[in-house]
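J.: According to Swiss-Prot, the protein carries these features:
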type     : residues          : note
DNA_BIND : 59-133            : DNA-binding region
BINDING  : 59, 62, 76, 79    : Zn(2+) 1 binding site
BINDING  : 97, 103, 113, 116 : Zn(2+) 2 binding site
BINDING  : 234, 283          : 3,3',5-triiodo-L-thyronine binding site
COMPBIAS : 15-24             : compositional bias 'Basic and acidic residues'
DOMAIN   : 169-413           : domain 'NR LBD'
REGION   : 1-30              : region 'Disordered'
REGION   : 1-58              : region 'Modulating'
ZN_FING  : 59-79             : zinc finger
ZN_FING  : 97-121            : zinc finger
């Protein structure tokens, strides 16, 4: 739709201001008011003006302010639209002039005589052959859309190419972290073949109520404690194999391990979520259902780990990505009581940068893969915090002799 100031009135025969060959100007009623209002509207809507136009360059048809090069002429939007509609709808044979085709066309009179305006368009050499019919216009729009999509794809490719991949030192770091994970990850890639399902009758009959309304099945809890010590030991061994961790003071190492132990064990369980059996495989050997893990002592923490497992299944993480995620969790500089906070923070940044570059190298198809994966760090930190609170309830409700010494050593005295 043309701006109000540029719309011609097909039923109008008199000009706002019209000249005749041998007569003075005639004024149309209310012409001053209408011209003022239209001028105000034109001034209020400042369209895009191409850089190749000089300031206030006039339209060659009516003298109004030009907006660009249209149909081989410098014209305003009104004359461009008038010329296009005239050709597309073949209106010019029906145009007529009451004054023998002698009207002067300017920005005031342009809407009063269509014939003279069209003749002026032809006189200044506006090109009729450049006006597209409906089929050509649709084809042009389709071509514009195709080019726009191509540019988008080219930009994506360019962005992907611009994303840095690991350098030689980062590849070496990734190799060390991946090997540390593989050497301490029970059953490795063969966990599905070697897992054993916890009998369904275990963990389905909770007996001891806890203060928060959940219940603990002591038989299931006892089964879980059998695998907890080797699981914790493997996390400790993983940390000791990491570059930079052994350089930290012993006190800081202990704090970091206590803080991340549940988070890393939860991650290792979550990446072994099996949607077919709806189970997690703990410590690479015991497959459990959601209710069994919940009734066996973890309560709502069980839901969080299972939900994480379902989510991570879409990411298709490889060993290096799981290993780097564990390293990032381990090197969390916000653990309470640390002495070398700055050094630990720099260590984590080193792992994060190598991690991001490795993600660039892998070229996952999931949009915004890297920020989405980093959100899983937050989820795992929440699981660790919830487990610290849950541990207090388990201590109250379960016999002390069921707790392995290493389990108590790691999880007692944690901040809730």
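Don't overthink the numbers, they just go from 1 along the chain as shown.
Glycine residues also receive a Cβ, built from the backbone N, Cα and C atoms like all the rest.
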J.: Give the number of CB atoms, excluding that of residue 97 (Zn(2+) 2 binding site) itself, located within 10 Å of its CB.
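T.: Residue 97 (Zn(2+) 2 binding site) is surrounded by 17 other Cβ atoms within 10 Å.
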J.: Cα of residue 62 (Zn(2+) 1 binding site) to Cα of residue 116 (Zn(2+) 2 binding site): how many Å, rounded?
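T.: The separation of the Cα atoms works out to 11 Å.
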J.: Taking DSSP states H, G and I as helix and E and B as strand, how many residues of the DNA-binding region (59-133) are helix, strand and coil?
T.: 28 helix, 7 strand, 40 coil
J.: Using all protein chains in view, find how many other C-beta atoms are within 10 Å of the C-beta of residue 113 (Zn(2+) 2 binding site).
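T.: Other Cβ atoms within 10 Å of residue 113 (Zn(2+) 2 binding site): 27.
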J.: Could you check which of the binding-site residues (76, 79, 97, 113) sits closest to residue 283 (3,3',5-triiodo-L-thyronine binding site), going Cα to Cα?
T.: 76
J.: Could you round the CA separation between residue 113 (Zn(2+) 2 binding site) and residue 79 (Zn(2+) 1 binding site) to a whole angstrom and send it over?
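T.: Given the Cα positions, residue 113 (Zn(2+) 2 binding site) is 13 Å from residue 79 (Zn(2+) 1 binding site).
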J.: Find the shortest Cα-Cα separation between residue 76 (Zn(2+) 1 binding site) and the binding-site residues 97, 103, 116, 234, and name the residue that gives it.
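T.: Minimum Cα distance from residue 76 (Zn(2+) 1 binding site) across 97, 103, 116, 234 lands on 116.
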J.: I want the residues beyond 97, 103, 113, 116 whose C-beta is within 8 angstroms of the mean position of the Zn(2+) 2 site's C-beta atoms, in chain order.
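T.: Once 97, 103, 113, 116 are set aside, the remaining close residues are 98, 99, 101, 102, 105, 112, 114, 115, 117, 119.
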J.: Output the one of 79, 103 that, of all these binding-site residues, has the highest number of other Cβ atoms within 10 Å of its Cβ.
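T.: Compared across 79, 103, the most Cβ atoms within 10 Å surround 79.
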J.: With DSSP assignments reduced to helix, strand and coil, which class does residue 234 (3,3',5-triiodo-L-thyronine binding site) get?
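T.: Note: residue 234 (3,3',5-triiodo-L-thyronine binding site) is helical by DSSP.
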J.: With an 8 Å cut-off on Cβ-Cβ distance and a minimum sequence separation of at least 6, pull the same-chain contacts of residue 234 (3,3',5-triiodo-L-thyronine binding site), or say none.
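T.: Within the chain, residue 234 (3,3',5-triiodo-L-thyronine binding site) has Cβ neighbours under 8 Å at 184, 185, 186, 283.
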J.: Would you mind checking how many other C-beta atoms are within 10 angstroms of the C-beta on residue 76 (Zn(2+) 1 binding site)?
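T.: Its Cβ shell of radius 10 Å holds 28 other Cβ atoms.
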J.: Please identify, among the binding-site residues 97, 103, 116, the one with the smallest Cα-Cα distance to residue 79 (Zn(2+) 1 binding site).
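T.: Spatially nearest to residue 79 (Zn(2+) 1 binding site) by Cα position is 116.
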J.: Please report the DSSP secondary structure of residue 283 (3,3',5-triiodo-L-thyronine binding site), reduced to three states.
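T.: Its secondary structure by DSSP: coil.
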J.: Sequence gap of 6 or more, Cβ distance under 8 Å: name the residues on the same chain that satisfy this around residue 59 (Zn(2+) 1 binding site), in order along the sequence.
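T.: Result: 65, 66, 74, 75, 76, 78, 79, 107.
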